[in-house]
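I have placed the structure first, in the form of structure tokens, so that the comments after it can refer back to it.
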Amino acid sequence: MGSDTSTQLLGTDGIFFDAAWDVRVTDTSLRDGSHHKRHQFTADEVRAIVAALDGAGVPVIEVTHGDGLGGSSFNYGFSKTPEQELIKLAAQTATNAKIAFLMLPGVGTKEDIIEAQGNGGSICRIATHCTEADVSIQHFGLARERGLETVGFLMMSHTISPEKLAKQARIMADAGCQCVYVVDSAGALVLDGVADRVAAVVAELGSDAQVGFHGHENLGLGVANSIEAVRAGAKQIDGSTRRFGAGAGNAPVEALIGVFDKIGVKTGIDFFDIADAAEEVVAPAMPAECLLDRNALIMGYSGVYSSFLKHAIRQGERYGVPAHQLLHRAGERKLIGGQEDQLIDIALEIQRENAANGQ
């Protein structure tokens with residue numbers, strides 16, 4: 001799949017993209033799914049999932065702590081197995097798939113990128129809040145200097161206009177990013193909101209870089225939004241097999257492939273094989289199904305970063321406050337990734353309000 005004869009370079013040299021594909025799908029079960037699993041992946045689980053996804057034809061598999069390189073910490077949650085070990089294991093297991101890793105400037109370091117590459121990662125995905133693309137410039141420079149393929153994540157893309165998002169995408173592309181993603185971190189975008197943002201970024205970047213979309217299921221629109229993104233010009237799409245991701249999960253890869261097959265979008269992934277992988281390999285590794293429940297819906301409706309879910313549940317139990325109330329108030333305050341600790345302040349605030357009201 002990754003040979004010189006089967007790989008077409010589109011727009012920017014060095015992008016892993018087979019000439020037979022219309023869209024490149026990245027499975028992020030082993031990164032976004034880390035949030036749902038509280039970062040407790042084992043080596044055996046990663047080996048089995050990578051083998052199953054690779055066998056189904058998934059071209060890119062992302063493996064990292066949920067919050068990216070260096071995310072194993074008190075604030076975000078400690079990994080059961082060091083992420084660098086998992087990246088190395090994934091790279092050793094995959095036959096055709098490329099292994100991607102995520103890093104957030106300020107959480108991970110340039111040294112982490114170098115180590116991940118040494119362990120077999122070949123696609124470096126760098127994420128910033130959608131208004132802070134400038135903090136990624138040096139990291140893209142390093143990644144390109146080292147021959148890594150680069151992807152940029154503009155997180156919480158629902159919070160700014162398509163025009164402003166396009167300007168931020170330009171910063172990433174000029175820094176060396178080969179594909180800029182519109183990232184619906186909260187699962188808050190609805191159909192046209194995705195299409196308008198993707199189209200604006202496509203128009204801004206032209207042939208300088210590809211455009212991607214990363215969706216969540218918090219309003220039940222992960223697949224539909226991904227279709228809107230493709231129709232607006234996106235060439236890379238994220239999903240998680242069995243919706244294994246933060247919040248209500250990501251767009252399920254097996255459903256994406258089924259729909260893509262129906263509408264004639266070629267991905268190189270076999271529908272039946274990915275459905276088998278979801279049912280027989282990924283599902284057993286999940287602590288529970290990713291549910292579209294009240295908490296998840298509140299996140300999508302209020303625009304809350306999807307990884308807040310487990311933190312809100314934990315703080316809600318600790319302080320005797322319903323998690324959905326914490327999440328709604330987090331949305332009102334427009335909290336972003338990295339501000340999970342403020343859920344404690346919100347919980348104490350609601351506690352005081354309840355006490356004052358005799359509850």
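From the backbone N, Cα and C atoms, a Cβ is placed for every residue, glycine too.
Quantities reported herein were computed from a predicted structural model and do not represent experimental measurements.
The annotation domain 'Pyruvate carboxyltransferase' is assigned in Swiss-Prot to 23-275.
For Arg31, Asp32, Ser185, His214, Tyr305, the entry in Swiss-Prot reads substrate binding site. All protein chains shown were included, and the count of other CB atoms within 10 Å of the CB of Arg31 (substrate binding site) stands at 31. The DSSP secondary structure for Arg31 (substrate binding site) is coil.
The site 'Transition state stabilizer' annotation in Swiss-Prot covers Arg31.
Under the heading Mn(2+) binding site, Swiss-Prot lists Asp32, His214, His216, citing sequence analysis as support. DSSP assigns His216 (Mn(2+) binding site) to a strand.
Cβ neighbours within 10 Å of His35 (active site, proton acceptor), excluding its own Cβ and spanning all shown chains: 26. Taken from Swiss-Prot, the feature active site, proton acceptor applies to His35, supported by sequence analysis.
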* Taking the Cβ of His214 (substrate binding site) as the centre, how many other Cβ atoms fall within a 10 Å radius? -> 31
